[in-house]
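Undergrad: Dumping the structure here so I can ask a few things about it.
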Amino acid sequence: MSQAPNPEEEDDTIEIREVWNHNLEQEMALIEQSIDDFPYVAMDTEFPGIVCKTVTANPNPNPYSIHYEYNYDTLKANVNMLKLIQLGLTLSDEKGNLPTCGTNKQCIWQFNFREFNVISDMFALDSIELLRKSAIDLEKNNECGVDAKRFAELLMGSGVVLNDKIHWVTFHCGYDFGYLLKLLSGKELPEEISDFFDQMEKFFPVVYDIKYLMGFCTNLYGGLEKIAELLGVKRVGISHQAGSDSLLTLRTFIKMKEFFFTGSLLKYSGFLFGLDNPRLLTGSKN
């Protein structure tokens with residue numbers, strides 16, 4: 001039996017609000033009430049891993065183009081086959097302050113979805129073992145979790161998506177947005193990467209990927225945990241749970257802005273690490 005995970009740091013000022021089917025409407029109402037004052041949205045997902053890789057037959061002679069097209073084809077194949085398990089959202093203002101939702105604590109959200117069934121659905125074994133070790137109860141998700149279609153309906157009306165005043169903050173986020181786009185559109189991901197980015201620009205007009213931003217920062221390297229450590233950001237909650245990861249993403253982004261960037265970051269928006277937006281690369285956006 002694996003040992004129960006230990007949060008890296010307890011913080012009595014933070015409440016990770018667990019969202020299940022019974023309280024979905026209530027929690028989405030709180031998010032809708034908060035979004036205007038806290039327009040930075042950090043997002044992370046947990047999903048059943050990567051179960052296949054594709055072989056590209058694209059004759060494109062540009063090896064750089066082949067690289068991101070292959071990455072998208074692999075992402076698309078996996079997202080279309082698999083089901084989202086958990087999604088974390090952290091809302092903040094530009095200084096990193098979080099909503100309190102009428103309590104004496106700062107609130108972040110962790111949505112637990114019901115669709116994935118470990119008995120009948122495909123998954124990567126190492127990913128599921130890691131999620132179990134991170135205290136994600138897949139059976140409880142199955143029984144009590146959020147209905148993904150209802151979540152998508154509520155998110156569409158919340159002001160969080162389709163809103164160019166919202167700044168999405170993520171880390172190496174192609175799969176995160178792939179799963180969210182599949183939920184919001186109710187369809188499989190589009191065949192072509194250019195159509196994927198058309199959907200991205202519609203639903204999430206402003207997106208910052210920390211992994212992409214690292215390329216403009218000195219002496220930053222590694223994954224999210226390492227970057228957070230280098231910037232002096234400590235985790236609250238359990239690693240590999242989406243709520244905790246979304247908060248770590250938000251706080252790391254705030255520190256990066258403070259240390260490495262001045263003024264607007266909009267020129268860095270829309271680039272996802274490993275899935276370079278062909279419209280931005282050719283200067284054809286808008």
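Backbone N, Cα and C atoms are what each Cβ position is placed from, and that goes for glycine too.
Pulled the feature table from Swiss-Prot, pasting it below:
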- D44, E46, D176, D245: divalent metal cation binding site (BINDING)
- S2: N-acetylserine (MOD_RES)
Undergrad: Quick one: what's DSSP say for D44 (divalent metal cation binding site), helix, strand or coil?
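TA: D44 (divalent metal cation binding site) sits in a strand per DSSP.
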Undergrad: Cβ distance under 8 Å to D176 (divalent metal cation binding site), same chain, sequence separation 6 or more: which residues?
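TA: Listed in sequence order: M43, D44, T45, T170.
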